[in-house]
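> Quick one: this structure, given as structure tokens, is what I'll be asking you about.
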Amino acid sequence: MKPPVILINYKAYENSYGKKSIEITKKIEKVSKEYGTEIIVSVPATMIHRISEESELTVFAQHVDSGEQGARTGAILPEMIKDAGARGSLLNHSERRIRLDEMAESLERIRVLNLESVVCVDRYELVLPVALLRPNAVLIEPPELIGTGIPVSKAKPEAITKAVEEIKKTKDVYLLAGAGITTGEDVFKAIELGADGIGAASAVMKAKEPEKVVEDFVKNAIKAMEKRGE
């Protein structure tokens, strides 16, 4: 994982699984190859193996459970997603919250397995406590803006700038910004404010031409990083 980080969360939209999921993945992969930029796709557990086999994108799970292997019906463990082909996992999304102790345990096992992790938080005050658990990145997403099309970089720029101040107190943990990220301009602004990348979902998954949305994201992410001299 290296900036600019572009993470697309497939969630559980109708095109997040099956043939439609493969189609949108291929479109995203084309953009990734054209611009030489890594794009992370966080996909349903049932699609991890298929997407990792049929594309060269970095595939993440959307969640993993804490706890050991054993009599744990329905659990999705780090060992399982690695075996399926995932290279990491999203954790603690506002739609799938977990306790801090569960987060710490999952992150430890993710590291042992040489997987990567992106942990979501809903406010800047949580950035440092979570970053101290040593994920690869912390994604700040004010929940009231998720799925609204109102970007955090415009509606709450201070959430990003304050989060940047917090992440600088740690080492080797990236800061991503999400919630309402819809256009390349939103991406540019988020990175200009100090984020190392972005997370998005509905802007891509609900788009008529998702490849154009992703291309807009990537072009502006690259431009913003160049402006920062990185």
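Every residue, even glycine, has its Cβ placed from backbone N, Cα and C.
Pulled from Swiss-Prot, these are the listed features:
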type	residues	note
ACT_SITE	His93	active site, electrophile
ACT_SITE	Glu141	active site, proton acceptor
BINDING	Asn9, Tyr10, Lys11, Ile146, Gly180, Ala201, Ser202	substrate binding site
> What Cα-Cα separation, expressed in whole Å, is found between His93 (active site, electrophile) and Ser202 (substrate binding site)?
14
> Here are the binding-site residues: Asn9, Ser202. Which has the lowest count of other Cβ atoms within 10 Å?
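Taking Asn9, Ser202 as the binding-site residues, the minimal 10 Å Cβ count falls on Ser202.
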> Counting other Cβ atoms within 10 Å of each residue's Cβ, which of the recorded positions Lys11, His93 comes out lowest?
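Counting other Cβ atoms within 10 Å of each of the recorded positions Lys11, His93, the minimum falls on Lys11.
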> Would you mind pulling the DSSP three-state label for Lys11 (substrate binding site)?
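Where Lys11 (substrate binding site) sits, the three-state DSSP reduction gives coil.
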> Roughly how many Å separate the Cα of Asn9 (substrate binding site) from that of the residue listed as 'active site, proton acceptor', to the nearest whole number?
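Spelling it out, the Cα of Asn9 (substrate binding site) and the Cα of the residue listed as 'active site, proton acceptor' are 13 Å apart.
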> Could you state the whole-number distance in Å separating the C-alpha atoms of Lys11 (substrate binding site) and the residue listed as 'active site, proton acceptor'?
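Cα-Cα distance, Lys11 (substrate binding site) to the residue listed as 'active site, proton acceptor': 15 Å.
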> Roughly how many angstrom lie between the C-alpha atoms of the residue listed as 'active site, proton acceptor' and Tyr10 (substrate binding site)?
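Checking the Cα atoms of the residue listed as 'active site, proton acceptor' and Tyr10 (substrate binding site) gives a distance of 16 Å.
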